[in-house]
Structures are given as C-alpha cells and as structure tokens.
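Now, the feature entries from TrEMBL:
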type: BINDING; residues: B:THR69, B:PRO70, B:ALA71, B:GLY72, B:GLU73, B:GLY74, B:LYS75, B:SER76; note: ATP binding site
There are 2 protein chains.
Amino acid sequence: MSNVTTPLSDLEIANKATMQPIGDIAKAAGIPEDALELYGKYKAKIDVTQLKNQTADAKVVLVTAINPTPAGEGKSTVTVGLADALHQLNQKVVVALREPSLGPVMGIKGGATGGGYAQVVPMDEINLHFTGDLHAITTANNALAALIDNHIHRGNELNIDPRRILWKRVLDMNDRSLRNVIVGLGGPAQGVPREDGFDITVASEIMAIFCLATDYVDLKKRLGEIVIGYTYEREPVLVRDLKVEGALTLLLKDAFKPNLVQTLEGTPAIIHGGPFANIAHGCNSVQATQTARKLADVVVTEAGFGADLGAEKFMDIKAVQAGFKPNAVVIVATARALKMHGGVDKKELKVANPEAIAAGMQNLAKHVETVRAFGVEPIVALNRFITDTQEELDVILNWGTENGVKIALTNVWEQGGAGGLELAQAVLDVLATDNHFKPIYDLEDSVENKVRAIVQKVYGGADVTFAETAKKQLADIERFGWSNLPICMAKTQYSLTDQPKLLGRPEGFTITVREVIPKLGAKFLVCLTGDIMTMPGLPKEPAALRMDIDENGNAVGLF
Amino acid sequence: MSNVTTPLSDLEIANKATMQPIGDIAKAAGIPEDALELYGKYKAKIDVTQLKNQTADAKVVLVTAINPTPAGEGKSTVTVGLADALHQLNQKVVVALREPSLGPVMGIKGGATGGGYAQVVPMDEINLHFTGDLHAITTANNALAALIDNHIHRGNELNIDPRRILWKRVLDMNDRSLRNVIVGLGGPAQGVPREDGFDITVASEIMAIFCLATDYVDLKKRLGEIVIGYTYEREPVLVRDLKVEGALTLLLKDAFKPNLVQTLEGTPAIIHGGPFANIAHGCNSVQATQTARKLADVVVTEAGFGADLGAEKFMDIKAVQAGFKPNAVVIVATARALKMHGGVDKKELKVANPEAIAAGMQNLAKHVETVRAFGVEPIVALNRFITDTQEELDVILNWGTENGVKIALTNVWEQGGAGGLELAQAVLDVLATDNHFKPIYDLEDSVENKVRAIVQKVYGGADVTFAETAKKQLADIERFGWSNLPICMAKTQYSLTDQPKLLGRPEGFTITVREVIPKLGAKFLVCLTGDIMTMPGLPKEPAALRMDIDENGNAVGLF
C-alpha cells in the first residue's frame with residue numbers, strides 16, 4: 001500500500017511486533033484477574049459476569065465507509081488506527097471489532113484485522129480459528145438442523161412441512177458446491193429426502209442472535225424464538241417447539257464470552273462476533289461493545305460494508321436493541337474509491353484524475369447526509385494512498401471546506417496511531433457536543449413504511465415495491481404479529497440502489513423487495529433485494545495455495 | 001452404578017470437585033512454563049517443541065476390553081482409575097486419552113471422560129468443544145473438499161473423475177440426513193453436481209493422520225499423501241497434486257499441540273485426538289502418548305472397542321509407526337457383560353446367573369490369548385457393579401486362578417484410585433518383567449496374509465475371503481505399490497466375527513472383506529467388513545432435550 005520499496009506483508013509486520021502478555025493488557029484496561037480466561041499467551045476471554053459493578057457508559061464512535069469498491073477503503077485499518085491515535089492522546093479507549101470468518105481467508109487474500117501498522121494481533125491466530133467462537137456457532141446451527149431432520153424422521157409430531165423448512169446448515173468455508181444440495185438420500189434408514197443448502201457460518205441467524213443477545217437468559221430466549229419453518233397448515237414452527245434452545249445455548253456457553261487481544265500499539269481490542277452485513281446486521285456483538293463501554297471512556301467500533309448498509313443497521317438495529325446512542329460516526333473514503341464512483345475503471349486507478357474524483361464525491365456526500373439524518377455529525381477519514389496526488393486530495397479537502405464537512409487526512413497503514421491524530425482530535429471535538437441521535441424509523445410503523453424510510457432517507461431513492469412473494473410473506477407476518485420488528489435490508493453493498501453496477505449517487509430509483517424473511521430470534525425482518533450470496537465460492541487460485549507452516553509450526557503465506 | 005441411594009451424576013461429581021490450577025498440574029508433571037499455553041484456568045496446550053531434551057521412555061500400559069455389550073464395561077473409567085491408583089502408589093504417571101466427539105454427546109447419554117470418582121475434568125468442557133481440536137480437523141477436512149470441488153469447477157486440470165472421489169465432507173454431529181447427499185446443484189455457477197456424503201469428523205482420514213504424525217513435518221507429508229480420488233484414467237490423485245497440504249497443516253497448527261487436564265485426584269491427563277476404532281485405528285495421538293512418555297515413568301492409555309479391534313490396531317499400527325513397545329495390557333471385563341456373552345438378554349442382567357457367566361468366559365479367554373500372542377502378559381480388570389453377587393464374581397476369579405490369568409477386582413467408579421490399587425500393583429508386577437512385544441504380522445507380507453493373520457490369531461477365525469470389489473481394489477493397490485502398509489480392519493465391535501449378534505467365542509468362521517480402501521496419509525489399508533456406520537444418527541429422544549445452561553452460564557443436564 002503506502003510503502004514504496006518491497007513493503008513488508010501484514011503478517012510480517014505482525015510477526016515482528018512485540019506483543020504484551022494479554023494479562024498486562026487486561027490489567028491496564030481494568031479487567032479483574034478473576035474475569036480473565038487465557039487462550040494462549042496473547043488471547044483471552046472475558047467473563048463479563050465478573051464486571052457487574054462497572055457501568056457501560058463510554059461514548060461510542062462508529063467507523064463506516066462510502067460504498068465499497070474493488071479499490072479498497074481500509075475501514076478496519078482506520079478503525080484500529082483511530083483507536084491507537086486516541087490512545088496516543090491519552091484517552092481511555094477500547095476498540096471493538098468483528099471476528100474474521102475463516103472461509104474467505106482460504107479464498108482471497110485479505111484479512112479482517114486491519115493492515116500495515118494499524119493491526120490487531122496475533123493476526124494469524126485471529127484470522128484462523130481464534131478462540132473457536134465461529135466453530136461453536138457452526139456446531140449449534142448444525143445441531144439444530146440435525147435435530148429438525150431427526151424430528152421428521154422419527155414421526156414428525158410437529159407436522160413440519162419438509163418443503164417449507166427455513167433453517168439451513170452452515171460451514172465456515174467458501175464452498176459453492178454446498179449452496180444447493182439434496183439430503184436424506186439412501187432409503188428409509190437415512191432420513192427424509194429434501195432440498196437443502198449450506199450458508200457460510202456468518203450468515204446463520206445464530207450468529208446474528210449471538211451478536212445481539214445481552215446475556216445468557218436473553219440468548220436462550222432468542223434461540224427459542226427462531227422460526228425454523230412451517231407446518232403443512234402454514235403455521236410457524238419455532239425452536240422452542242422442539243425444546244432444544246437449552247442445548248443450543250449450552251453449545252455457545254464459552255463462545256459467548258468476548259475475546260480480548262491488542263493492537264500493535266497495545267490498545268485493548270475486543271473482537272467478538274461477526275454477522276453478515278447483508279442478510280444480518282454486520283456489527284460485532286453487543287457483549288463486546290458493552291464490555292468495551294464498561295472498561296473505556298471511548299469505544300471505537302465498525303460496521304460492515306458502506307454507511308447505507310452497516311451504519312444504518314448499527315443505528316436502527318444494534319443501538320436500539322442494546323439501548324445506547326452512538327456519539328460520533330467516521331466515514332472512511334479514499335481518492336481511489338471516489339475515482340471509481342466517478343466512473344473510472346479499476347485498471348485506470350493509477351492515473352491522476354481529479355475530475356473523476358469531483359464526480360465521485362456525490363457518493364460521499366450522500367453518506368454524510370445519511371449520518372446527519374440520524375442526528376449525528378460525521379467526520380470523513382480520507383485514507384491516504386501513496387499514489388494519490390495532492391491535486392486529487394485537494395478536490396476532496398476543498399469539497400469538505402465548501403460544504404462544512406470535517407475531513408481528516410489519515411495515514412495509519414504506514415504510521416499507526418501517529419497517522420490518525422488529526423482524525424482522533426476531530427472525533428474528540430464531536431464527542432464534546434450534545435448527543436442528538438435518533439433512529440430513522442419508528443418500530444410501530446408498518447413494514448412498508450419502515451422500508452420506505454430507509455430507501456428515501458438512507459439510499460436517496462424514490463420508493464420501494466414489494467414483489468408478489470414478498471406481499472404474501474408480509475400478509476403472514478402481519479397475521480403472526482411480527483410487524484413491529486426492525487428491518488434488516490439485504491442489498492448489494494456496491495451501490496446505493498439494488499443494482500451493483502450503479503455507482504456514485506443514483507437518484508429517482510425504486511428498490512424491489514423480493515422476499516421478507518422473519519428472523520424472530522435476531523428480532524428483525526430481512527428484506528431481500530437483488531441476488532444475495534450467502535455462501536461464497538473459491539477463486540481460480542485460492543489463497544490456500546500460498547498458505548503453509550514452517551517446521552516450528554509458524555504460519556507462512558497468510559496475507 | 002455402584003451407589004444405592006440417589007447417586008450423584010457424573011457431572012455433579014465433576015462439578016463438586018476442587019480442581020487445581022492447570023499450571024500447578026503442569027509444574028508437578030515437569031512441564032516448563034514456556035511450554036504451556038493456557039485455555040482457561042483448567043485446560044492447557046503443550047508446546048512439545050519446548051520438551052526437546054526430554055526422552056520418551058516411560059513404560060506404556062494399554063487398557064482394552066472384551067467385546068463391548070450394551071451392559072457397559074467402563075474402559076475409560078478403569079483407565080482413569082488405574083492411573084489414579086498408580087499415582088497413589090507414588091508412581092510418576094500420566095494418563096493419555098482420546099478426546100470425545102461432540103456428535104454422540106448430543107445424541108446419547110454418556111461421555112468419554114470416565115465416570116463416578118474416576119473422571120477427567122473439567123468434564124463439561126472436555127465433552128463439549130474442549131480446545132477446538134475436532135473443529136480444526138473438521139475445517140481442514142472440509143477445506144480440502146471445497147478445494148477439490150473448486151478444482152473441478154474451475155476446469156479440472158488434474159482430470160479428476162467426479163464419480164471416483166474418495167474424499168467426503170465431515171461434521172462433528174450425529175446427522176443421518178447427511179450420509180448420502182447430492183451437491184453442486186443449481187446450474188453452472190454453483191459447481192459440478194455429484195454424489196457425496198458426510199462422515200462424522202472422527203472418521204476423517206485427517207483425524208487418523210493427526211493421531212499418527214510425529215511432528216509438523218510428518219503431518220504435512222502425510223496430508224500430502226492422502227488419496228482424494230482417481231482420474232478418468234483410474235490413476236490416483238493425491239492432496240499434493242492439488243498443492244494444498246501446507247494450508248491444511250496450517251489449519252491444524254494449534255490443534256496439533258496435546259492438551260493437558262487432570263483427573264479428579266490431580267493426576268496429569270493428556271487428552272488428544274480420537275479417531276474411529278473401525279475405519280481408523282482408535283487411539284489417542286502419538287503426540288499425546290510420546291509427550292506423556294517424556295513426562296512420566298508409566299503412561300496409562302486406552303484404545304477403542306474390544307481387544308480384537310482397539311488393542312490389535314494399537315499394537316500393529318500405532319506402536320509400530322511410533323516406534324515403542326507396549327509393556328502391559330489390561331483387559332476390562334464385567335460380570336454383566338460376560339453374562340451377555342453367555343447368552344443372557346439385556347433385560348435379565350439383574351438376575352444372578354453364574355452359569356451364563358461361566359459360558360461367557362470364553363470371550364475373555366480369547367482376548368487373553370490374543371494379548372499373549374503379541375508377547376505381552378495381560379491383566380484382567382474385573383470392574384465391579386453393585387448388582388454383582390459374590391458367586392458370580394467367584395466364577396470369574398476362579399477361572400483366573402485355574403488358567404493362570406491375573407484378575408484384579410476394581411471399584412474405581414465408587415472409590416477412585418483407592419478402588420484400583422490391586423490392579424495397579426498387578427500392573428507394576430508385569431512392568432517389572434522383560435518386554436517381549438512383537439506385532440502379529442510382518443509388513444512385507446501380502447495384504448491377504450496380513451488380514452489372514454489378524455483373522456486367525458486375533459479373532460480366532462478360520463480364514464478370510466475377499467469380495468470381487470475388494471479383489472479389484474487389491475490389484476490396484478499392488479499396481480500402485482501400496483501393499484506393504486499395515487491393515488486397519490473395519491469390523492463390528494460387538495463380535496469376534498463380522499456378524500454383530502454372534503457373541504461369546506465363535507469358531508471356524510470366515511471373515512469377508514468387502515472393500516479395501518487406501519489411506520496413504522494415515523499409512524494403512526482399511527479393510528471393510530459388514531456394514532460400517534461412519535455417520536451416526538440421533539435417537540428418538542436425543543440427549544440435547546435434557547441439556548441446558550443456568551443464568552450464570554453453567555452446564556446443566558450433561559450426563
């Protein structure tokens with residue numbers, strides 16, 4: 001990225017770092033020794049029941065971004081760098097992040113632990129199995145699937161229609177061959193044949209529940225409320241009808257405790273949970289955020305994809321369900337990505353093109369408006385690349401001055417926290433102001449009106465239409481009394497519209513909702529638009545081909 | 001079991017125990033602090049590269065059993081109790097055990113961590129996710145499956161015949177609906193349709209490799225040698241042809257380190273790996289056994305099922321590949337189980353029946369002969385139940401006296417190590433004698449002759465026949481130069497024959513080998529007889545229905 005001569009890889013930088021024993025990080029963060037469960041020397045789980053007397057009152061800074069492009073924005077890198085910068089300014093700060101999914105690690109280069117000198121460590125372990133949370137979620141998800149099929153095989157007392165089962169199996173793997181499968185073949189002793197499919201683990205409703213539950217009691221209650229499918233009479237069947245919500249909760253017992261690690265600069269980092277940002281809400285767990293809020297004065301956290309998806313759901317779903325009010329929002333942008341929003345092809349990114357950037361600014365402008373619509377004043381982090389020209393950067397900085405938007409140039413990939421001091425000071429300035437946060441819609445409003453509010457106020461579109469299937473599902477949702485749940489939009493991340501190729505700031509468009517899927521455990525209604533991929537595939541040359549281990553058991557070729 | 005008035009459950013006994021911090025257990029066992037990686041307060045992984053100067057020279061005691069019956073034998077319980085008894089006799093002892101599979105835990109009552117006062121703890125954590133080893137193996141197995149299907153989808157440069165893929169996907173779950181599936185449905189973007197199936201994780205060849213590899217270099221080499229299937233020209237395709245053995249090894253990096261826990265009496269226990277005992281060799285990892293041998297003077301370990309399967313493979317596969325000679329073998333038997341071998345139905349077990357026991361003694365007699373055929377003098381552990389009458393026990397004890405077989409009465413379930421002192425002393429007596437161990441066959445012999453040696457010397461049968469499919473496979477194995485591998489018999493555990501209902505000591509029978517499957521990574525040839533189940537199902541009332549968690553996150557209803 002920013003380095004010119006043979007830059008070190010993220011793994012090489014991470015491996016050169018001297019980590020502090022995680023007990024020292026915990027002590028500095030005020031975590032009592034009894035609350036710490038070590039996982040090796042540099043990872044630990046936090047037993048939050050031991051933090052009972054501490055109040056979750058830190059201010060919350062959300063890092064989001066413009067609509068992502070293949071140029072890369074560096075949202076996680078800025079999130080980590082901002083936390084390190086606040087640390088350098090002597091703030092009591094904790095960064096809260098999502099934990100990476102292993103599937104994409106095997107597929108494409110690029111981790112979820114930041115980059116350059118703004119990383120969380122040990123990066124290899126965090127990107128591989130970490131403390132096993134995703135494996136526990138995979139297990140709970142697939143135990144439920146096995147219990148459903150066993151119920152049908154053993155007489156189907158609940159009268160479940162095998163053609164109307166919503167619950168899918170999952171693997172934390174990029175495996176396109178499992179998207180559509182037939183299970184139960186081989187005769188009467190091998191179960192009941194039916195169509196099924198596998199999602200990637202982060203798409204499981206159990207991951208969403210895991211990330212929104214406030215404690216074990218809430219976790220178990222939510223698991224019990226998952227709609228697994230419908231009877232032949234089209235009545236919903238819940239997990240609690242199967243009486244297995246206790247077992248599923250038990251399988252998540254240890255995973256549910258947030259994980260403590262550190263940044264390269266020794267800032268405490270809590271990394272826990274990581275749901276999809278399209279069919280789920282895309283933020284780390286409420287446990288992680290609230291634990292961080294007990295320990296710090298300022299919590300820096302992130303949400304998936306751009307502000308239209310991640311920030312909207314962070315505000316309308318996570319903040320509302322967890323009962324806190326975000327205090328500041330950082331929107332990450334790069335000259336390269338804005339150039340693509342201005343119509344430039346990926347191959348032409350290295351050519352200076354201030355005019356394209358000027359055209360692409362409208363994407364950023366929309367996200368600034370969106371954050372303000374939530375009552376929060378945004379700060380733009382302009383994440384610098386070595387190829388950016390001063391003329392290009394000036395287009396963006398001048399736009400900020402002209403439009404009254406604070407834009408801070410950051411260079412945390414190359415400099416760590418020192419490259420984010422201007423951004424950190426801008427954030428502190430916003431944190432010193434009053435909090436006027438409000439969600440974008442009222443939960444008591446109709447589903448149609450809630451979706452319309454998102455389309456108009458967040459995407460800048462004209463209206464929403466519901467396909468026939470979605471209309472039928474809405475009628476059922478009304479009938480079952482589930483209408484007052486929040487909305488979880490499943491939309492392409494690349495565009496403000498439901499068409500991935502429409503970059504920049506389209507206007508006058510209509511969003512089509514194909515399906516409305518109830519996620520009663522997560523407590524939201526997923527509105528599907530366009531084609532949403534819930535099981536990725538591997539590329540022609542998977543990253544696995546480069547991955548290896550040396551004779552002492554050290555990771556090689558991981559990023 | 002032995003208690004009369006409302007006995008405590010295994011979980012209740014385990015939860016009442018005061019565990020020592022695992023660091024104290026490690027220190028007493030002579031594990032340097034640098035070699036210890038904590039997983040919570042009572043579990044740790046051992047970095048064996050830090051034990052380089054220690055020699056693996058402890059004597060090895062194998063605990064095996066008569067052919068298992070529904071009456072239960074308590075092999076793991078005796079293994080733990082014997083170690084505790086040796087500990088009480090001031091021996092420097094470490095017990096090495098297999099780690100439990102989660103699938104059966106969800107299905108049927110009964111863990112794999114011993115019982116009563118002879119248990120390893122923390123039993124709930126060991127029986128649930130433990131330190132994540134099985135999840136890492138599941139991930140490596142399924143990464144390979146995804147990489148194979150991706151290779152075919154992306155042009156199939158290796159010319160793999162999708163109808164001749166041997167590699168199956170796995171889950172650590174009892175899920176019969178996944179035994180036979182069709183994957184890759186949905187059109188050209190969703191992979192290539194083909195028949196596939198899921199095994200339970202412990203049946204993966206990666207689990208067998210994990211348990212036989214001596215270090216990371218050997219692990220990677222073995223993973224590269226897995227035969228994943230055949231080309232359209234019927235030539236074998238190996239993992240190293242795909243160039244992903246490095247990535248698979250990396251996925252096993254941390255899992256490959258043995259796990260340290262403790263017994264209820266504070267004896268160090270190393271629990272690591274747990275392959276199936278039919279299509280694999282059924283013993284804990286070589287890493288675990290050899291690490292235990294570095295730390296102790298006596299290592300007590302177990303093998304799966306009865307002596308015909310578990311002990312035979314322990315001797316002919318594990319001991320030979322790891323290069324050690326077992327010093328003593330304990331055969332666990334109970335009056336109840338011998339009664340079933342004498343023809344009594346499970347429902348009639350509570351009725352005293354010395355005559356049936358006398359008839360059933362022949363099953364034990366055969367296993368005594370078998371162990372002697374390996375050049376080792378066996379000790380019988382007669383595991384006492386409260387319902388046993390003195391007359392019944394006398395039948396067994398007198399048989400021992402008359403036939404020159406040492407039989408020690410044990411009561412470790414109720415008394416812990418104190419209930420196994422006679423057994424421990426008998427073991428020490430054998431350990432004081434010279435070691436005359438020798439495998440039952442010569443690796444250079446033909447496959448047919450090696451199988452014949454097992455059938456005749458271990459099962460007490462007349463001969464072996466190979467079905468047509470097996471004969472064709474043998475010709476291929478000869479052609480590819482794989483004939484000098486050891487044999488891994490996949491046979492019913494219930495009988496010395498390949499017919500599960502033939503209990504006692506059948507004679508004059510022939511074993512039919514249906515298929516011969518090369519496992520080049522594990523370095524053995526699996527000979528399939530009868531119907532071998534590699535993916536269990538759930539019962540009508542799964543144990544999951546009783547499992548729960550309290551509001552503080554403690555396990556409830558686990559056993």
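Cβ atoms here come from the backbone N, Cα and C positions, even for glycine.
Annotated features, which come from TrEMBL, shown on the structure.
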{"residue": "B:THR69", "record": "ATP binding site", "Cβ neighbours (10 Å)": "24"}
{"residue": "B:PRO70", "record": "ATP binding site", "Cβ neighbours (10 Å)": "11"}
{"residue": "B:ALA71", "record": "ATP binding site", "Cβ neighbours (10 Å)": "17"}
{"residue": "B:GLY72", "record": "ATP binding site", "Cβ neighbours (10 Å)": "16"}
{"residue": "B:GLU73", "record": "ATP binding site", "Cβ neighbours (10 Å)": "23"}
{"residue": "B:GLY74", "record": "ATP binding site", "Cβ neighbours (10 Å)": "26"}
{"residue": "B:LYS75", "record": "ATP binding site", "Cβ neighbours (10 Å)": "26"}
{"residue": "B:SER76", "record": "ATP binding site", "Cβ neighbours (10 Å)": "24"}
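The DSSP secondary structure for B:SER76 (ATP binding site) is helix.
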